[in-house]
Amino acid sequence: MTVTAASMLSTIPLLFQLLIKLLTGVLSDKLDKISEVTKMRFFNTLAFWGCGFSLILAGALPTFSSSFTASLIILGTSLQAFSAGGFTKGAVLVAKQFSPQVMAVMQVILCLSLFTGSFIVPTLTPKNEHSEYAIVFYLYGGWLIISNVIFCYFNDGKPAPWTEIPPSETSSKNPSRNVSRHIKVKIADSAPTIIPPRSETETTINSSNLPANIPPLLENHPKDINNEGGINPSNPINNV
């Protein structure tokens, strides 16, 4: 198989992965009668074991069936997309509010594994022979099968203990919970209100209607003739 043909075939699994991931998300939401743990184990097993057995079978086939071997590799790589409903979803359920940090660490590990694999595979296949690639397929397939068993055994879909918020932090974020409902707040007396002097045409105001902290106005006070616009000594309100 030429390099051009291999490059064209390598794009096919990526297209299938896009469709399978969309299908996995829809199925995971529609199957609401099945527990989340069961769904994660099912999708992760379909992804890891499907890819693992496909790679092992591709390594066990003889060299004359190159087209069938390529089909098995495409199938196994495409089935990896079912992991979107497996360990990827499990990380979100376990980490809860810390899922962005956990997903970031997972992406770093994924990038490191891809970077490391680009050196391991050429080292194991110096002659590019089928027997050499068969070893690579066996290693990858066996590790996928073992890792899925580990995931299904330890995954319970429950939040981790380190995601629980201590009661002290919860109360500090809600200060209203610490305030007693029986605290009585004393309201200070309102400031005295200054009432401007009345004109001659205004109606006499009954001093009994005024607040206790305001002195009554002098009724029928004389008009300020000598001091226009100034202070009237006879009106205590003007002297404030």
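Just so you know, glycine gets a Cβ as well, placed from its N, Cα and C.
Because TrEMBL annotations are produced automatically, they should be read as predictions rather than curated entries.
Marked as transmembrane segment by TrEMBL: 6-26 (among others).
The feature transmembrane segment is assigned by TrEMBL to 46-64 (among others).
The transmembrane segment annotation in TrEMBL covers 70-95 (among others).
Within the chain, the transmembrane segment (102-121) has long-range Cβ neighbours (under 8 A, six or more residues past its boundaries) at 88, 91-92, 94-95, 136. What TrEMBL lists as transmembrane segment is 102-121 (among others).
Residues 41, 44-45, 48-49, 51-56, 58-60, 86-87, 90, 121, 124-125 of the same chain sit 6 or more residues outside the transmembrane segment (133-154) yet have a Cβ under 8 Å from a Cβ within it. The transmembrane segment annotation in TrEMBL covers 133-154 (among others).
What TrEMBL lists as region 'Disordered' is 194-240.
Residues or ranges marked as compositional bias 'Polar residues' by TrEMBL: 202-211.
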Within-chain partners of the transmembrane segment (46-64) [C-beta distance under 8 Å, separation at least 6 from its ends]: 72-73, 75-77, 79-83, 86, 130, 133-138, 140-145, 147-148, 151
Close approaches to the transmembrane segment (70-95) from elsewhere in its chain (Cβ under 8 angstroms; 6 or more beyond its ends): 1, 9, 12-13, 16-21, 24-25, 27-28, 36, 39-48, 50-55, 57-58, 61, 101-103, 106, 151, 155, 157-160, 163
